Each structure stands twice: as structure tokens, then as C-alpha cells.
Amino acid sequence: MTVTSVQIPVPEPEHSGLSKFLSAAFYALISFLIIIVNKTILTNYRFPSYMFLGVGQMATTIIVLYAAKMKQTIHFQDFDRSILYKIFPLPLFYVGNHITGLASTKKLSLPMFTVLRKFTIIMTMIMESKILRKTFPSQVVYSVFAILLGALLAASSDLAFDLEAYTFILLNDLFTAASGVYTKKKLGSEELGKYGLMFYNACIVILPTLMATSYTDDLQKVIAFEHWVTFTFIFYFLMSCVMGFILMYSIVLCSHYNSALTTTVVGAVKNVAVAYIGMFVGGDYVFSWLNFVGLNICISGGLVYSYLAFRSSPAHDDSTNRTQEQQGEQVTKEEVNCTEKQKTML
């Protein structure tokens, strides 16, 4: 008689509350700052190519991580043929998130950008439930629909409606959700680590992005851009490149210590400051009462959702751990009974 081994689900390692909070706060701060910097470059200076800006951020990521690896400050797996299998399909989501995010930042006002980004939350919830097999309390689900209601109300009065811009931002929501969920999945199941994920993501997608920049004639526009001799523009451009790398690191770090949904929640809460500042910075916000009320409903729903998500997370985790312990005890009993039966037969 053959004894079949049963794999018991291993719960995720517990991280301290301080580590979770600091990683989330770090991501929120960097995400807030880079939106302001990118908005300045793409709108105020009218930089002609958001894709080339993405290339600069990827190149910075590659250079910084490779130099750190050479100095043995950090460690990640050397390249081999298994890398592509281990990391796929994350690079596709990564480049899609990068390009659509920069494009929507250029084409939308900051308040509308932050409102429509709320759709990332429900997309993340759906993907986590389907891919990571997670469940969410009903209160959290209801709060998500409240956020969406506020977002739709605010977007319905957007007097500067742009179909192309809305398409970009919704695609950005989809890519962001997929990237967050698969980043969490890869961190939990693969051996690349957070630095390996960042490095090989950038290495895989930088060349296709550069080729796309050349194919669309953006590269020629970038070369002929008049502000390359302006010190303030160069400062903002280099800041965007460095902060792009830091943002990638902060996302992976936040996903490592928290869930993909928590990372999305942090982005939603961060958007509170971005939305209100965008009413006074950028000069492209068109005020209307319907938009303003919808924006506040959306933001209030985001805060309520954040409270529910963080409050319910420990209970959900404890319930999951108890279920796993019960499963482990049941499997152990079955194996013991099976072994005793074998001995009796012998």
C-alpha cells in the first residue's frame, strides 16, 4: 500500500506592525512625489515622450541594482534561462503599467487621475480572489462599491473629458492590479527576491520600450527637445529617473511586507493629498460642484475602506492560520492511521 504525501499550505511569514507601516508609508510618500515630478515634466515643460521617461527610469534601475550587486551590497540570482520562466508574465504588466501610467499622467488633471485610479482597488480584489484565492469581508466589498460610486460621480462631470486619456487610465488600473498581485505571487513562490524581480523586469522591458519610442518618432522629438539646455528641466528629469527606481523598490517592499490589496489601499489614501493639491497645482483642473462632491465621496470611501481593510486583516489572517492548523492536524491524523493500517497488514 502506497502512502500519498499531502502538502500542507505554509502560511506567509509574519512581519512586525512597524515594518508593515513603514513600508506602506514609504510607498505612499514616493508615489505622491513622483506624480508631482512627472506632472511637471510632461505638462509644464511639455516633454514629448512619456515612453522615453520610462526608459530613463528603467535604465536607472538597471544601473543602480547592477552596481550594488557588483559591490556585493545586495544579492540576487545571476541570469540563466530559468529567469524568463520564473518572472513571466510580470514584465508585460510592468511595461504596460509604466507606459499607461505616464501617458495618463500627461493627459489627465491630477484630481481626475486620482479619482479614476480608484478602479484599481476592485480590480485588485477580483484578481486576488481568483489568483491568490483570498476572501474579503462583506463590509470591505461594500466600501469598495462606495469608492467606485464616488469616482463615477466625479468623472461624470469632467468637463475636460478625453476618451484616449480615460482609456489609458483604466488600462493603467488593470496593469497596476495585475502587477501587484503577480509581484506578491512571485515574492512568495520564487527565488528571485525583490531585487531580482526589479532588475530582470527592467532588463526585459527596456529594449522593447526604447524600440517603441523610436518607432513612434518620439526619440527624434526627444533629441530635438529645447529644454535639454535648461538646468531646472534636467534636474526634474534626473529626479524622475531616480524616483522611478525608488518607486519600483517601494512597491515591491510594500508588497513584500503587506498584501497586494494593502499596497493598493495605501495608493488610494495617498491620493487624498494628491487630489486636493491638484486643484491648485498644474492649472488643468476644471471645477464643478458635481465633480467636487464626487471627489470627496470617493476620498471618504477610500478612508473608510482603509480602516476596514486594516482592521479586518488580522482577523482574516488568524482565521486562515487556524484553518491551516486544522488541516495540518487532520492530515497528520490520516497519515498516522494509514501507517498503523500498513503495520497491521504486515
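Count begins at 1; order follows the chain as displayed.
From the backbone N, Cα and C atoms, a Cβ is placed for every residue, glycine too.
All TrEMBL annotations are machine predictions without curation.
TrEMBL annotations:
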type: TRANSMEM; residues: 21-41; note: transmembrane segment
type: DOMAIN; residues: 29-306; note: domain 'Sugar phosphate transporter'
type: TRANSMEM; residues: 47-68; note: transmembrane segment
type: TRANSMEM; residues: 83-102; note: transmembrane segment
type: TRANSMEM; residues: 139-157; note: transmembrane segment
type: TRANSMEM; residues: 163-183; note: transmembrane segment
type: TRANSMEM; residues: 195-216; note: transmembrane segment
type: TRANSMEM; residues: 228-253; note: transmembrane segment
type: TRANSMEM; residues: 260-281; note: transmembrane segment
type: TRANSMEM; residues: 287-310; note: transmembrane segment
type: REGION; residues: 314-346; note: region 'Disordered'
type: COMPBIAS; residues: 321-330; note: compositional bias 'Polar residues'
type: COMPBIAS; residues: 331-346; note: compositional bias 'Basic and acidic residues'
- Message: Counting Cβ pairs closer than 8 Å, which of 21-41, 47-68, 195-216 has the most of them with the transmembrane segment (228-253)?
- Response: 21-41
- Residues outside the transmembrane segment (47-68) whose C-beta sits under 8 Å from one of its C-beta atoms, at least 6 past its ends, are 38, 41, 74, 76, 95, 98-99, 102-103, 105-106, 195, 198-199, 202-203, 205-206, 209-210, 212-213, 216, 218-219, 221-222, 225, 227, 233, 237, 240-245, 248
